[in-house]
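All remarks here apply to the structure that follows.
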Ligand code: PMP
């Protein structure tokens, strides 16, 4: 029997073959007599797992050799503090520039205030579009030419895909061209590995694994080597990027099982094919097709709407609203009957949200679109 389609924003759907492999290897990983959960993180078996995981991640995302990969705990929200704890002192003024394009970058900016002079240098929050009636002001990305970047900033932070509001940077800003020499740090939690990443524009990227990579509990940090070694004295040792880099992410016990599942997912991505495309390129092409199918359906209807500027609509998270909100419960009930799960929108925004991560097949989006059309005909 086929499984239902799960549109959860995260923790989210994983490739079925990954779950099957994990199940098959649950009691005895490769003849070791142990579950991966039961292995010492310092043993040779686990060494193979984490090394392969890093190698595959580097290959898929074309991570340059002078960048380090850290496998940490604490989730993306811990990074809201860990990032300033490590990078605020890159410049003596401890200025940190935040671009706010949704609720997640807003949270990041608020947390950073504890560690220095954090400032919102551009915001998409609009007093003209308050959060009422199921809509939010976060529907666009302010033109980078208008960002009030500070020349002495230690870093610039943005969230490259806003999971709640469905706003995605399809192109990252070139800070040098904007007159800033600061490193760019991005929260890529909800679109990591859905598309390639231009490392020439990014000095540090972090994200929780529970959307496109694996289970919750693993936080990825990929950063340029020159950013190591600047942590404030109050930074907890397990969150000091340099100490973790020097200890292969094993200053404390890393989230071993989550890293193992991440490794299986990376192998799944490498094996994907779409026409002539393979690996991440194949996955990206499929993500583009899935998003187009859903946005075209929404835009072509009288009942549904998505208010995000088409130039920055997220391929991964598609919030949409029924123009007649009294029909929300009926929509969700009918969806669940058809095996289309977890479509309710975030409580901050309301309405619906369909998350179309890598593991969501095109057939899942086709089934959703069929239901959208059928429900509109019934209305
Ligand atoms: N940033 C983004 C973009 C997210 O989507 C999320 C989780 N939805 C977070 C941060 C917070 O992640 P965590 O709960 O793992 O701290």
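From the backbone N, Cα and C atoms, a Cβ is placed for every residue, glycine too.
Annotations in TrEMBL come from automatic prediction, not curation.
Look at TrEMBL and you will find 5-368 tagged as domain 'Aminotransferase class V'. Among the features that TrEMBL reports, L-glutamate binding site is placed at 42. Annotation comment: TrEMBL describes 104, 163, 187, 210, 252, 253 as pyridoxal 5'-phosphate binding site. As annotated by TrEMBL, N6-(pyridoxal phosphate)lysine applies to 211.
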Exercise. Rounded to the nearest angstrom, how far is the Cα of residue 253 (pyridoxal 5'-phosphate binding site) from the Cα of residue 42 (L-glutamate binding site)?
Worked result: 9
Exercise. So which recorded positions out of 104, 163, 187, 211 are up against ligand 1, CB under 6 A?
Worked result: 104, 163, 187
Problem set entry | residue 187 (pyridoxal 5'-phosphate binding site) - helix vs strand vs coil (DSSP) | strand
Seminar exercise, completed: For residue 187 (pyridoxal 5'-phosphate binding site), the number of neighbouring Cβ atoms whose distance to its own Cβ is within 10 Å equals 28
For this session: Report, in whole Å, the straight Cα-to-Cα distance of residue 211 (N6-(pyridoxal phosphate)lysine) from residue 252 (pyridoxal 5'-phosphate binding site).
Result: 24
For this session: Rounded to whole angstrom, what's the largest C-alpha distance between any two of 104, 163, 187, 210, 252, 253, listed as binding pyridoxal 5'-phosphate?
Result: 29
Problem set entry | Sequence-distant neighbours of residue 210 (pyridoxal 5'-phosphate binding site) in its chain (C-beta under 8 A, six or more apart) | 10, 11, 12, 216, 217, 218
Exercise. Which chain-mates of residue 163 (pyridoxal 5'-phosphate binding site) that are at least 6 residues away have a CB under 8 A from its CB, listed by sequence?
Worked result: 9, 10, 102, 104, 189, 190, 211, 316, 317, 355
Exercise. Would you say which of the binding-site residues 252, 253 has the most Cβ atoms within 10 Å of its own Cβ?
Worked result: 252
For this session: Identify, among the recorded positions 42, 211, the residue whose Cβ has the fewest other Cβ atoms within 10 Å in this structure.
Result: 42
Seminar exercise, completed: So residue 104 (pyridoxal 5'-phosphate binding site), by the Cβ count within 10 Å over all chains shown, scores 24
Problem set entry | residue 104 (pyridoxal 5'-phosphate binding site) in three-state DSSP notation | helix
